[in-house]
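Under the heading S-adenosyl-L-methionine binding site, TrEMBL lists Gly85, Phe90, Val135, Glu136, Arg161.
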Amino acid sequence: MQGSNVDIGGELEAAATRFGFNLEAAAVDRLRLLLGLWQRFGRAFNLSGATDEAGLLGHVLEGLQVVGLAHKIGTRPEQRWLDVGSGAGFPALVVAACLEVQVTLIEPRERRASFLDMAVHQIGRRDCGVLRGHVEGASWRPVKNGGELVTPGSFDWASARAVFSPEVWVEVGRQWVKPGGVVVAHVRAETGVFAGEVGRVDDARWSIRGVARG
Ligand SMILES: C[S@@+](CC[C@H](N)C(=O)[O-])C[C@H]1O[C@@H](n2cnc3c(N)ncnc32)[C@H](O)[C@@H]1O
């Protein structure tokens, strides 16, 4: 980040190690690029409350916790990852920066969706896509009639941070992944185990859970 005294690369690598994986140099470069974009465009695109370095880094570190869970459970490059209500891109852009899975980012708000589209291109992930619309249960409602179709039951992974309550999201997300697919839930560290939980990565405040569709 411009004018930063913080060792961003060191912070990112230390967090990845804490969450059980090694962050590749290319991923560090992409995350640095994204941090610059969030700082530069945060206000103009009405992205999120955090526009300062510490706040943005906190969101990125929570995204790395999600990546840690994906490493723990295991991903393959051809897998498809759905992120609902991506907002500024948490955790979707962090996932796209670190993993080869194909990410579909869903965001109804026009300026946020435009930002996500630009950011996906800037980090060189043209195989990832941004769609404008709402997910309601197992239904997809594009913002404009005739918008692209997204099919329930077709993803390997599904995440949604700060969009639904964790309990609602686990039920909704299960309908969007294939049998054996994983729903990613962000919960407080003290939250009990979900039925079907297949992995977790804990930090002091947040716990990231993977819940499989049976
Ligand atoms: C509180 S923000 C969280 C954004 C991001 N996931 C994060 O953690 O920073 C919620 C976002 O979800 C979007 N959203 C709300 N309801 C939605 C729905 N039913 N389907 C898709 N997106 C939705 C909103 O437009 C908003 O950008």
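Cβ atoms here come from the backbone N, Cα and C positions, even for glycine.
Features as recorded by TrEMBL, highlighted on the structure.
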residue : record                               : Cβ neighbours (10 Å)
Gly85   : S-adenosyl-L-methionine binding site : 21
Phe90   : S-adenosyl-L-methionine binding site : 26
Val135  : S-adenosyl-L-methionine binding site : 25
Glu136  : S-adenosyl-L-methionine binding site : 9
Arg161  : S-adenosyl-L-methionine binding site : 24
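In this structure, Val135 (S-adenosyl-L-methionine binding site) is part of a beta strand by DSSP.
Secondary structure at Arg161 (S-adenosyl-L-methionine binding site), as computed by DSSP, is coil.
In the three-state DSSP reading, Phe90 (S-adenosyl-L-methionine binding site) counts as coil. Maximum C-alpha to C-alpha distance over the listed S-adenosyl-L-methionine-binding residues Gly85, Phe90, Val135, Glu136, Arg161 is 20 Å.
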